[in-house]
Amino acid sequence: MGWASFNLTWAWFLPVIVYGALPLLRLPQQTQAKTELFLTALSVLFMFISATVYKISMGYSVIVLLVGYTALATLSLAKLKVMQGDKFIIASLLCIILLIFFFIVYPTLAIFVSMFYDGDTFAPQQVMRILTQSYIVRVITNSLFLSGFVGIVSTVFGLAFALYTTRIARRTAFIGKIFSILPIVTPPFVVGLGVTLMLGRSGYVTEFLSTNFGFSSHNWLYGFNGIAIAQILAFAPISFMILDGALKSVHPSIEEASYTLRANRYQTFYQIIFPLLRPALANSFLIVFIQSLADFSNPLVLGGSFDVIATQIYFYIAGSQLDYASASTLGSMLLIFSLAIFIIQYIWIGNRSYVTVSGKSYRGDVQELPNGLKYTIIGMLGFWVIFNMALYGSIFYGSFTVNWGVNYTLTLKNYAMLFGQGLSDGAWPSLINTLIYAGIAAPLTAFFGLLIAYIVVRKDFQGKKSLEFLTMLCFAVPGTVAGVSYILAFNNAPLYITGTGIIVIISMVMRDLPIGMRAAIAGLGQLDKSLDEASLSLKGSSWKTLCFIVLPLLKPALLSALVTSFVRAMTTVSAIIFLVTADTRVYRIYFKSCGRRRIRHCDCIRFYFNCCDDGNYFVFRLDCRRYAYFPF
C-alpha cells in the first residue's frame with residue numbers, strides 16, 4: 001500500500017471512525033448530510049495531498065477506500081435529495097466524474113504543468129526558449145502544412161466517392177463503399193508499410209519504373225510525399241462517411257426545382273448542391289486535419305528527414321536524449337491545435353442548420369451529374385480501387401515471400417517463425433496480451449459509455465453539457481499527447497501505475513469512451529422516455545430500469561460500441577507505445593519492433609490481423625443491419 005516511515009496512511013482511514021460518531025450528535029438530517037459530505041471531500045483531499053507531499057504511492061487497497069468514500073458521498077447526497085435521491089444515479093455520476101477527472105483532466109493538466117519545469121526546478125522561461133528554436137518551428141510548420149494538404153485532398157476524394165455512391169452508381173455502389181471503408185478498419189502501420197512495399201526502394205513499382213523508364217530517384221517516398229500518400233489513403237474514408245450522409249440528406253426535389261427553372265446540370269451542382277454541402281465539407285476537413293496532425297504511425301514509417309510533432313514527441317521520450325520538457329511543450333502545442341479545431345467544429349458547425357425540407361413533401365428523383373464531373377469521379381474511384389487492391393495484395397503476397405525485393409520465392413517459414421515457437425515465444429505473447437487487454441477494455445467502454453449516455457440523455461442537472469464535452473474531449477486529444485500525459489501523471493506518487501497492464505487498459509477505455517457514449521445516445525434517442533417513466537411508476541429503481549428496460553432495447557447500439565471499441569483497442573498504437581513494457585507489450589509494438597530487417601514477418605502479422613479486424617467489422621455491420629440500426 002505504500003507505507004510511510006511514520007505510518008501516515010493510517011490517517012487516511014481515521015475519517016471513517018468519525019462517521020460512526022456523527023449520529024451520536026443528533027444533528028438534523030440535512031445538517032448531518034452536509035457534514036458527512038464535507039468530511040468525505042476533506043478526507044479525499046487530505047489523502048491525495050499527503051500522498052503527493054510525502055511521495056507515497058497508493059496501492060490497490062486504496063481502491064477499496066475510494067469505493068467506501070464514494071458510497072458515503074452517495075448516501076449524503078441522497079439525503080440532500082440530489083437527483084431526486086436516486087442512489088444509483090448519484091453513485092454513477094460520482095464514478096463518471098472521478099473517471100473523467102483522474103484520466104482526462106488530471107493527465108491533460110500534467111502535460112501543461114510539465115512545460116514550466118526543468119527537472120524539479122520551476123523554469124517558465126524554457127517554454128519560449130524551446131518554441132523559438134528553429135528546429136521546433138520547422139517541425140510545427142511541417143505538421144500544419146501536411147495536415148492542411150491531407151485535409152484538402154482527403155475531402156476531395158471523400159466527396160468524389162460519396163457522389164459516386166449516391167449520384168452515379170446503380171448496381172456498383174457496394175464496390176465504392178467497400179474500398180472506401182476498408183482503410184478505416186486497417187490497423188496502423190499497415191498502410192505505411194504497404195505503400196513502402198509498392199513504392200519504396202525495393203518496391204515493385206519502383207523497380208518497374210527504374211527498369212523500363214530509367215527512374216532513378218528511389219528515395220522520393222520517404223518524407224512529405226510518403227506521409228501524404230499514406231494519410232490520404234487512411235483518412236479519405238472518414239471524409240467519405242461524413243459526406244455520404246450529407247449527400248443523402250439533400251432533398252432531390254431541390255434539384256428538380258432547379259431544372260424546372262432552366263438551370264443546367266453544372267449550375268445545379270455548383271450553385272445548389274455544393275453550397276448545401278459546405279458544413280459537411282468543413283466538418284470533414286477539420287476532422288481529417290486533427291487525425292493527420294495526431295497521426296503517429298505513418299510518419300514514423302515514411303517520415304525520413306521530414307519531422308512532425310507526433311513522432312518528435314516520441315523521440316524526445318524514447319530517444320537517446322531524454323527531454324521531458326521539449327516533449328511536454330510539443331505535446332501541449334499539439335493539444336492546443338487539436339482542441340482549437342475541435343471546439344470550432346463542436347460549437348460553430350454543430351449549431352448550424354442546413355435543413356433542405358420540412359414536413360411532408362414530394363420526394364423527387366436524384367438528377368445526373370455533369371458528364372465531365374461524372375467521368376472524373378469514375379476515374380478517381382477506379383484509380384483508388386486499383387491502388388488499394390495492389391496495396392493489400394502486396395501485404396498478402398509479401399507474407400509468403402523469402403525476402404521482399406530480393407527473393408520472391410514462396411515459403412511458409414515466416415508464419416512458422418512467428419506462430420510455430422509455442423505460446424511463450426514469437427508473436428504469441430504480444431497477440432495474447434492484445435486480445436486480453438482489448439477483451440477487457442471493450443466491455444468497459446460500452447458499459448461506461450451507456451452509463452454516461454443514460455445520465456446525459458435521461459437526467460437533468462447542472463453541468464450536463466460540460467460532462468458531455470469533457471467526455472468527447474478524448475477524441476480531440478491526440479494519441480501521442482495522451483500517452484505522454486499518462487507517463488507524466490502516473491509515473492510518480494500518488495498514482496504510480498506506469499509499466500502495468502492496468503494503465504494500458506485505462507488508456508484503451510478512455511480513448512474509445514466517446515464511441516460507446518455516442519452510440520448509446522443515438523440509441524436512446526429512438527426510445528421514448530415514457531418507457532423509463534412507466535418503469536419508475538411501477539416502483540422499479542433506475543438500476544432495474546436500465547438493466548431490464550433500456551439495455552435490451554439498446555443491443556444494436558451496444559454491439560456497435562463493443563465491436564468498434566474492440567477493433568480500435570486492437571489497433572491502437574500512438575497512445576500505448578509510451579506505456580507498454582517487455583511484460584505488457586502488445587502486438588502493434590511487436591509489429592513495430594520487427595522493423596525493416598524482418599519486413600516479411602510484419603506482412604504475416606498485418607495479413608492475420610487485417611483478416612481479424614475486417615471480419616469483426618463486417619460481422620458487426622451485418623448484425624446491425626439485422627436490427628436495422630447503424631449509428632455511423
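Backbone N, Cα and C atoms are what each Cβ position is placed from, and that goes for glycine too.
Note that the structure is predicted; figures quoted are calculated from it, not measured.
Here is what Swiss-Prot records for this protein:
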- 140-345: domain 'ABC transmembrane type-1 1' (DOMAIN)
- 431-632: domain 'ABC transmembrane type-1 2' (DOMAIN)
- 5-25: transmembrane segment (TRANSMEM)
- 37-57: transmembrane segment (TRANSMEM)
- 58-78: transmembrane segment (TRANSMEM)
- 93-113: transmembrane segment (TRANSMEM)
- 144-164: transmembrane segment (TRANSMEM)
- 223-243: transmembrane segment (TRANSMEM)
- 270-290: transmembrane segment (TRANSMEM)
- 299-319: transmembrane segment (TRANSMEM)
- 377-397: transmembrane segment (TRANSMEM)
- 436-456: transmembrane segment (TRANSMEM)
- 490-510: transmembrane segment (TRANSMEM)
- 547-567: transmembrane segment (TRANSMEM)
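As a quick check, the transmembrane segment (270-290) and the transmembrane segment (93-113) miss the bar of 3 or more Cβ pairs under 8 A, pairs 6 or more apart, so the two do not touch.
Within the same chain, residues 142, 146, 149-150, 153-155, 157-159, 161-162, 180-184, 186, 191-192, 195-196, 199, 277, 280-281, 283-285, 287-288, 291-292, 295, 298-299, 301-306, 308, 387-388, 391, 632 sit at least 6 positions outside the transmembrane segment (223-243) and bring their C-beta atoms closer than 8 Å to a C-beta of that stretch.
Among the recorded stretches 58-78, 93-113, 436-456, the one sharing the largest number of Cβ pairs closer than 8 Å with the transmembrane segment (5-25) is 58-78. Residues 1-2, 12-13, 16, 19, 33-34, 36-37, 40-41, 43-44, 47, 51, 85-87, 90-91, 94-95, 98, 493-496 of the same chain sit 6 or more residues outside the transmembrane segment (58-78) yet have a Cβ under 8 Å from a Cβ within it.
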